[in-house]
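Enquirer: Feature list, courtesy of TrEMBL:
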COMPBIAS  1282-1295  compositional bias 'Low complexity'
COMPBIAS  1296-1305  compositional bias 'Polar residues'
COMPBIAS  1306-1317  compositional bias 'Basic residues'
DOMAIN    1010-1234  domain 'Pecanex C-terminal'
REGION    1280-1317  region 'Disordered'
TRANSMEM  36-53  transmembrane segment
TRANSMEM  232-253  transmembrane segment
TRANSMEM  260-277  transmembrane segment
TRANSMEM  297-314  transmembrane segment
TRANSMEM  326-342  transmembrane segment
TRANSMEM  348-373  transmembrane segment
TRANSMEM  385-409  transmembrane segment
TRANSMEM  421-441  transmembrane segment
TRANSMEM  492-515  transmembrane segment
TRANSMEM  521-541  transmembrane segment
TRANSMEM  676-693  transmembrane segment
TRANSMEM  713-737  transmembrane segment
Amino acid sequence: MGSQVVQTLRQGVWASLTGGWYHDPDQNKFNNSCHLYLWIFLLMLPLSLHLALPPTTMALSIYCSSITVFFILIKLANHRLHVMFDEGEAVVRSSLSDVSKTPGPSLKWGLSSLQPSTGLDIPQKNPAAPKRLNPLHEALPFSKHIIGFLVFFIFMQLFVTTKLSASNPNSGINLFSVRQEEDSLDESSETSTQEKPSRKIYYKLRLFPGKWINILYDRLTLLALLDRNQDFLENLVAIFMAFLVSFLGFVLLNHGCFKDFWVFQFCLVMASCQYSLLKSVQPDAASPTHGHNQLVAYSRAAYFCIICSLIWLLEQLLRKKDLPVSSLYGVTFVCYDILHFLRDLLVGFTFCFPLTFLVGLFPQINTFTIYMLEQIDMHFFGGTAATSLISAVYSILRSLIALSLLYGFCFGALKEPWDEQHTPALFSGFCGLLVVLSYHLSRQSSDPTVLLSLIKSKMMPALVEGEEEGEDDAVIKDPLPEKLQNSMKEILLSDVVMCSVAYILTFAITASTVFLSLKPFVTIVLYALAGTVGFVTHYLIPQLRKHHPWLWISHPVLKTKEYDQFEPREDAELMWFERLYVGLLCFEKYLVYPAIVLSALTNDSFALSHRKNCDVLLTTVAGLKLLRSSFCDPSFQFLTLLFTLVFFHFDCPRSSESFLLDFFIMSIVFHKMRELLLKLHFILVYIAPWQIAWGSAFHAFAQPFAVPHSAMLLLQTLLTTVFYTPLAPFLGSAIFISSYPRPIKFWERNYNTKRIDNSNSRLVSQVDKETGCDDNNLNSIFYEYLTRSLQHSLCGDLMLGRWGNYSSGDCFILASDYLNALVHLIEIGNGLVTFQLRGLEFRGTYCQQREVEAITEGVEEDDGCCCCEPGHLPHMLSCNAAFNLRWLAWEVMTTKYLLEGYSISENNAATMLQVYDLRKLLITYYLKSIIYYLVHSPKLTTWLQDAIFQEALQSYTKWHHIERDPQVFSVKIDEDYVHCLQGVTRASFCNVYLEWIQYCAGKMETQPVDSDEDSPLVTLSYALSVLGRRSLGTASHNMSNSLESFLYGFNTLFKGDFRIATKDEWVFADLDLLQKVVAPAVRMSLKLHQDHFTCLEETEEASILYEAITNYRSSLVICHESDPAWRKAVLSSRDTLLTLRHMIDDGTDEYKIIMLYKRHLSFKVIKINKECVRGLWAGQQQELVFLRNRNPERGSIQNSKQALRNMVNSSCDQPLGYPMYVSPLTTSYSGTHRTLRSISGGALSLDAIRSWLCSKWVRKDNLTSCNSGVNMEDVDCAAGGSSSLSNNRPSSVTSNSLSMYQQRARTSHSHRRHNAGRRKTPLFCFFALHSKKNIKVNIKSKTWT
């Protein structure tokens, strides 16, 4: 423990303060000396130049050129040495070199060929060296630069050697002097002259053609000396960053931004930023992963350049005169004072760089970029969350393009003033375009991957088909990408219609001057309507649907039909309050809030037309943000609106600017206030003294220590709320510290679980051991299927209000009997939700089980009130229960949430095969299944007529042929075993199985096959029966009498591992006999053996057994879990699956028969405080990565029922947590939800409108004319749309209408028995709908043209 603390202080704390330099006692003196002198050089160079030279361009040029050349030399030398290790020659010496005995540098100059007379140098080619040369090595002339680099280190080495030789003459420090022993690479550089000869490896570094030097060094020591840059681009970026740091830093020094001691402090910050480009801090306080993180090396220099650029820009602005003075909300802003304050703030922040990087307030640069772009897009443009760096850039670019387009229209409309009686057409066009763009952007995901794949499939279909054909051979095609493309296509087609209609309606309404003529009345009505609808939709109905409404009522007031059912077997039924919720939601976000924004835009246009362009820009930004946020997530819009009205009309009426700007500002402020309340709730719940869960002794110490620092905690809470950063408990205690800012997605990498099966594992691992045999790998498929189910229904269920109120970043836990998953909502759009599912272990730890019990147990039976138990009112909770529910960071939203899933039933195979008679029954079913699959094989005739098989099976045609292998055949398990002959004969085989062979042959639908006793079919069946049993005996290690060996052998055959004996090599003539006959027979026998326990008499009859096997072939999937077909069957939603699992856990070795049944699973939906989840995740990352706490029973993961600490921490990305499954970021669309489509009628598109019109016209117009009995001539029943209908697939509406009419016509005919003309009406309608030509018909004369 003490050494770990010292190591953390040295490599973590001190290295973070200096930028990466620290003294490592495990490294040699040469490395430590180089680190020290490098850091001193980078610190003293700018300081000495600044003090010695005047602040001129010459001093700047000297410093920048020195740093640039210095970094070029170091990077080139470092790269050249790594190339030497990759591609150079190794020279092995068998005795101690003179280098280790003398303090001089260990270099040997020579020619390209070694002298053979020495006998000591053995040139060897590096076995790991690739043949292809590095392109950087070919492109750059290293020979000119390496000499200077080596000379520099030689003089440095000689200097250190001279100092050390005086104190210890036996010690020697050699250039590149770390010996590479056979058993260890970590040995110290100090050697003794009395050591025994050891094997050393030198590397030949070529400097010039024909000139080289031997270097005694190794790659690990070089990596400890300097970080490695993998390619040319990384080296170039590092050199450029070093130049930029030196340039910007020295420019600020020349400008006189720093005085006295602060010059030294600033030079120290510069040195730390430059040193991190050579040897970075590993691990960094903000590093999200274990091991070496390359991005951390650039983060410190990148932040320094950003802040110095801002300081330089502010310096240039402060030098200008006559800076403007503006006023906003009654507050006067003097630009000079503001800029001066910002400059001083940034300068002070630069001085604090070592401390800020020590506590980890700066994320790595890509995370910071995602965070900044996401926050700007969300708060200023109404965007959704970003899922990656590409997603963030794509989102901000499309928002800026939309803003620039809208700004042009708005500027043109407000360029000249206009009166109340006339609204300019350009302004109406601006309003229509604003609504259209806001609606379309709200319907699109921030991830462009699906959209690009759809465009690629339409623009380059040949390329996509070629890629799919290439993937089909190796990997099973996943149906999810095509499903996402269809959803995206449906959204785009729907937006074409909806945007056109929205533009026309918006243009007409704004051009009618209704908002100006009815100015006070319209706004009052709209505000009242928004408040009322919002209160009912987002507060009253969700509270009444909660499991404990207002945390006082013991059961939901608005119950679903499934609430009182034990195991619902059908989809969740649509309730009346769900219809009401969807209707109010659509009315609110499609009518009320667009009307409010348009009214505010129109009313504020008069004042804005006389103002400057900046106000026009603010108006455009505010309108775009408010409309997009209303379309995406209107859950809290009514509260924001009420706060805006109350604050600016009653609290501060004189500070109001305009309603649109007030609403825009208050939307940002209210968003931060909600985050502040969530943080305060998390803190109070976590540190409440009556329910604190101390996980370690440190927690007990930290609890009273945190009380005097409550003011500091409150300040941290405010700051973290402003910057959207997690507030993490330090080591899981009551002390909270701020972490670095993160996006809503939180985790930096796109982590998702990769299931191990036979398609992605080596063949040797499949044969020697069970592939992915651990339970977590096998059970992860259930969470993967759960993710697919959520992808299908999550967005629709959220819009139906089944999960209560929700917003971006919310976290829910789905809890059932064995499945416990954390669902993280990342992106909330208009009709789409992007989420990530994290599945926990089935059989978790003790702490996880305690927390699962806490969320599953009820509190309805609690009668306590303080210290007594007076009971409670009917349908109400007791006082203690209500009090305890209020002090939890989670809340049960619903207890009967239905999702399609698989119920798991397992039986112990040992108990089912313990008795010999049961094993004999399994072998009997095994052989009968072989016969069944043989007879039903399409290649049966070929096999029976094949000369190779006839010759190989000649011995099996003889009736006196006996199979006497005692290790395979036994009277205990073989029904056709002849005891007196000690084996199995053809006669005994026919005595048992001939009737079954003849029955199966009689069921053949193709050409009948001879199945008498001497037929080739019986011979082949007999040979396959012997082969199947011998394969089982071989897999069982010829110990058929042992149950364990029998189960091992049967499991080996079940997963497809057949060990063929020499006598049975005839089967290799056609491997389909194994793959299509024997292998499926093994699996089918297991199912038939299970059915034996439920219907014993029925399975003994040949007809029933035959029918059972036939049905199971089509309805049941039987395969091993490591087979890719298992995953394909689960993701394809097959109804029933069966497998045999070998379970090895905690010393137990069992075989389980697993049966999966697809049904509706019931889940509890628990909503967790999202700030609690973010804080615990951030604390866990800091503790494990930076502080390196490797204790598996650390206090931060102990159970805490009020915060679900163990479940939340175990859901972290590996290796921080241990989730069983982490899904990729998955997007769910509302169009895939059947219940929601039944309410809205599906997406509105041109095809749907045309299909609906055609169906209505055919039903009401054409059919009436047909039934009237008059002549119809030149009738075009397609009404101009027949061409499109004939070329495209008919929609579901048209098909349903036709089928309904045909059924209706047939019913009318059966009851009324009219003439033949009426009977042909449905046929006429079919031709009229699908024909491109005109149809002439005379019903009375029964003639068609």
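Backbone N, Cα and C atoms are what each Cβ position is placed from, and that goes for glycine too.
Show me how these features fit into the shown structure, please.
Expert: Averaged over the domain 'Pecanex C-terminal' (1010-1234), the predicted model has a pLDDT of 88.
Below 8 angstroms of C-beta separation, residues 46, 49-50, 55, 59-60, 63-64, 67-68, 71-72, 75-76, 79, 135-136, 139, 263, 266-267, 270, 273-274, 277, 294, 297-298, 301-302, 304-305, 308-309, 311-312, 315 of the same chain, each at least six residues beyond the ends of the transmembrane segment (232-253), sit close to that stretch.
Sequence-distant contacts of the transmembrane segment (260-277), counting only residues of its own chain at least 6 positions beyond either end whose CB sits under 8 Å from a CB of the stretch, comprise 17-21, 38-39, 42-43, 46-47, 50, 67, 71, 238, 241-242, 245-246, 249, 252-253, 296-298, 300-301, 304, 350-351, 353-354.
Packing against the transmembrane segment (348-373) from elsewhere in the chain are residues 13, 16-19, 262, 265-266, 268-269, 272-273, 281, 284-288, 293, 295-296, 298-300, 302-304, 307-308, 311, 386, 388-389, 392-393, 395-396, 724-725, 737-743, 745, 748, 1182, 1186: each is 6 or more residues past its ends and has a CB under 8 Å from a CB in it.
Packing against the transmembrane segment (385-409) from elsewhere in the chain are residues 366, 369-370, 373-374, 376-378, 426, 429-430, 433-434, 437, 441, 444, 446-448, 616-617, 620-621, 623-624, 743-745, 750, 808-809, 826-828, 834, 1225: each is 6 or more residues past its ends and has a CB under 8 Å from a CB in it.
Tertiary proximity for the transmembrane segment (492-515) is limited to same-chain residues at least six positions away from its ends with a CB under 8 Å from its CB atoms, namely 420-423, 425, 427-429, 431-436, 439-440, 443, 454, 522, 594, 598-599, 602-603, 1243-1247, 1249.
Within its own chain, the transmembrane segment (521-541) is flanked in space by residues 514-515, 558, 577, 580-581, 584-585, 587-588, 592-593, 595-596, 599, 603, 634-639, 641-642, 645, 801, 805, which lie at least six positions past its ends and keep a Cβ under 8 Å from the stretch.
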Enquirer: Apart from its near flanks, which chain residues at least 6 from the ends of the transmembrane segment (297-314) lie with a Cβ under 8 angstroms of it?
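Expert: Same-chain residues near the transmembrane segment (297-314) but 6 or more away: 19, 227, 237-238, 241-242, 244-245, 248-249, 251-252, 255, 257, 269-270, 272-274, 276-277, 280, 284, 286, 339, 342-343, 346-347, 349-350, 353, 357, 362-365, 368.
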Enquirer: For the transmembrane segment (36-53), could you work out the same-chain residues 6 or more beyond its ends whose Cβ comes under 8 Å from its Cβ atoms?
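Expert: Apart from its flanks, the transmembrane segment (36-53) reaches 18-19, 21, 23, 59, 62-63, 66-67, 70, 156, 246, 249-250, 253-254, 263-264, 267-268, 270-271, 274-275, 278-279.
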Enquirer: Going along the chain, which residues at least six beyond the ends of the transmembrane segment (713-737) come within the CB cut-off of under 8 Å?
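Expert: Result: 359, 361, 371, 375, 672, 675-676, 679-680, 682-683, 686-687, 692, 695-696, 698-699, 702-703, 705-706, 1171, 1174-1179, 1182-1183, 1187, 1189, 1194-1198, 1205.
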